[in-house]
Amino acid sequence: MDTAGPPAPAGTEGDGPGGSTGETSRRLSKEQIFVLVSAASMNLGCMMTYSILGPFFPKEAEKKGASNTTIGMIFGCYALFELLASLVFGKYLVHIGAKFMFIAGMFVSGGVTILFGVLDQLPEGPIFIAMCFLVRIVDAIGFGAAITASSSILAKAFPNNVATVMGSLEVFSGLGLVAGPPLGGLLYQSFGYEVPFIFLGCIVLLMIPLNLCILPSYESDAGKQSFWKLVTLPKIGLIAFVIISLSSCFGFLDPTLSLFVMKKFSLSTGYVGLVFLGLSLSYAISSPLFGLLSDKMPNLRKWFLVFGNLITAGCYMLLGPIPLLHIKSQLWLLVLVLVINGVSAGMSIIPTFPEMLSCAYANGFEDGISTLGLVSGLFGAMWSVGAFMGPILGGFLCEKIGFEWAAAIQGLWTLLSGVAMALFYLWEDSTMRRSKAQNILGTEEEQAALLPNDT
């Protein structure tokens, strides 16, 4: 079996629920249902709190004296500290405990979201900007803990259906991204700056008692593998580049798209939230489909990764569109491109986690929560690298050369990662064919040597 295959052989020996028989994948146990409910509530709540900033925060920050580059850094610092948190929490997941990390992360994220709602009371200038950075950093640490624990728990509970489950739960991430901007824009227009943050922060905090009651605990011994061994695997390194490029594309839009749409099409804050809807909704709808296909037909994962990246690159060329194409910027075209981008993002993002997991198992990593913690932490860390670079680079480039060219440059990331993965898979297939031919030839020679000599 090649390294692109599913991690099912390793998972069937595991002790988590769902790892024993094929029947379990068809009929969920009560424990698996509780895991799904917990992960879904976390995805929905945390992604809503993350995404509400898009429609109105850049404008508020401008009023407080923040430049486009500074706004991009406020968005981007979240990802930088989520990166650090994911690496640390992934390494020490077994020692801390997945359930405690999950609950504590949600508590921190919900609490600081409420604090973000009172920042408008601060004076404009350095004090406001510094507090924005501080609150976002603490929020990132909480979210990093929750998402690392969630991914590990899911992979442990559903070892044979990782992509399907994660793809299905992306519906709730997508719903959070879908509901966050329009809800945030509506609450901002109706009640002002404070209410969106206080409302959504309270929702996240109210989910904690539910998760305390229903989320199961998973215990495991600490593994001996390291992040360094994992990330130095060539295939893991390339998939990490794919994750970074896709995440940076999402992050690029946070500080730039709302300002571009407001200035270009003179839309209100509420309508800007609906523009974000095209990307989030199409991603939420398409992700379960690509997750199911990735588990049922693992050989399709490589094509999803490659073509998803290439389509995403084309979308960013048309987002402005790039002036070289001489296409007039129109609102319907922008929304259409965002919808296609949501589908292509689902196509390329969903297979990355099971691909990393199967590669780790194929290279000698043990089947257990410690390996799941390493892979989850690495996935979260690489996503955070892109989410850190995207807003900062996007804010800087938009300030210097405009949104149209900035979006096109952003698209080059996914073009490069798509081409790199295509070349790797071609090399991998060629190597496997040569190895198989050599094995067949060696077997035939051994059989010939064992046959009696007829002469």
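For all residues, glycine too, the Cβ spot is worked out from N, Cα and C.
The phosphoserine annotation in Swiss-Prot covers Ser20.
According to Swiss-Prot, the feature region 'Disordered' maps to 1-26.
In the predicted model, the topological domain 'Extracellular' (54-69) shows an average pLDDT of 78. Residues or ranges marked as topological domain 'Extracellular' by Swiss-Prot on the basis of a curator's inference: 54-69 (among others).
Sequence annotations record features per position, and here Swiss-Prot assigns topological domain 'Extracellular' to 121-126 (among others) based on a curator's inference. Residue counts for the topological domain 'Extracellular' (121-126) under DSSP, split into helix (H, G, I), strand (E, B) and coil, are 2 helix, 0 strand, 4 coil.
Secondary structure counts, DSSP: the topological domain 'Extracellular' (188-194) has 5 helix, 0 strand, 2 coil. The topological domain 'Extracellular' annotation in Swiss-Prot covers 188-194 (among others).
What Swiss-Prot lists as topological domain 'Extracellular' is 254-271 (among others). Proximity of distant same-chain residues to the topological domain 'Extracellular' (254-271), defined by a Cβ-Cβ separation under 8 Å and at least 6 residues beyond the stretch ends, is recorded for 53-56, 58-59, 68, 71-72, 74-75, 182, 185-186, 188-189, 329, 331, 334, 390-391, 394-395, 398, 403, 406-407.
If you look up Swiss-Prot, you'll see 325-330 (among others) marked as topological domain 'Extracellular', on the strength of a curator's inference. Same-chain residues lying 6 or more positions outside the topological domain 'Extracellular' (325-330) and placing a CB less than 8 Å from one of its CB atoms are 264, 317-318, 404.
Residues or ranges marked as topological domain 'Extracellular' in Swiss-Prot: 398-406 (among others). Cβ atoms under 8 Å from those of the topological domain 'Extracellular' (398-406) belong to residues 67-69, 252, 255-257, 259-260, 319-323, 329 of the same chain, restricted to positions at least 6 beyond its ends.
If you look up Swiss-Prot, you'll see 33-53 (among others) marked as transmembrane segment, on the strength of sequence analysis. Counting same-chain residues at least six beyond the ends of the transmembrane segment (33-53), those with a Cβ under 8 angstroms from any Cβ of the stretch are 75, 78, 102, 106, 109-110, 113, 139, 143, 146-147, 150, 153-154, 157-158, 165, 169-170, 172-177, 179-181, 183-184, 196-197, 200-201, 203-204, 207, 210-211, 214-216, 254, 276, 280.
The annotation transmembrane segment is assigned in Swiss-Prot to 70-90 (among others) on the grounds of sequence analysis.
Sequence annotations record features per position, and here Swiss-Prot assigns transmembrane segment to 100-120 (among others) based on sequence analysis. Outside the transmembrane segment (100-120), and at least 6 residues removed from its termini, the chain residues within Cβ reach (under 8 Å) are 38, 42, 45-46, 49, 60, 64, 89, 93, 128, 131-132, 135-136, 138-139, 141-150, 153, 192-198, 200-205, 207-208, 211-212, 215.
As annotated by Swiss-Prot, transmembrane segment applies to 127-147 (among others).
Same-chain residues lying 6+ beyond the ends of the transmembrane segment (167-187) with a Cβ under 8 Å from its Cβ atoms: 36, 39-41, 43-56, 154, 195-196, 199-200, 269-270, 272-274, 276-277, 279-281, 283-285, 287-292, 294, 346, 349-350. Under the heading transmembrane segment, Swiss-Prot lists 167-187 (among others), citing sequence analysis as support.
According to Swiss-Prot, the transmembrane segment annotation covers 195-215 (among others), on the basis of sequence analysis.
Look at Swiss-Prot and you will find 233-253 (among others) tagged as transmembrane segment.
According to Swiss-Prot, the transmembrane segment annotation covers 272-292 (among others).
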Residue counts (helix, strand, coil, in that order) that DSSP gives for the topological domain 'Extracellular' (398-406): 8 helix, 0 strand, 1 coil
Secondary structure tally of the topological domain 'Extracellular' (254-271) (DSSP, helix then strand then coil): 15 helix, 0 strand, 3 coil
For the transmembrane segment (331-351): best-contacting stretch of 127-147, 233-253, 272-292, 407-427, by Cβ pairs under 8 Å: 272-292
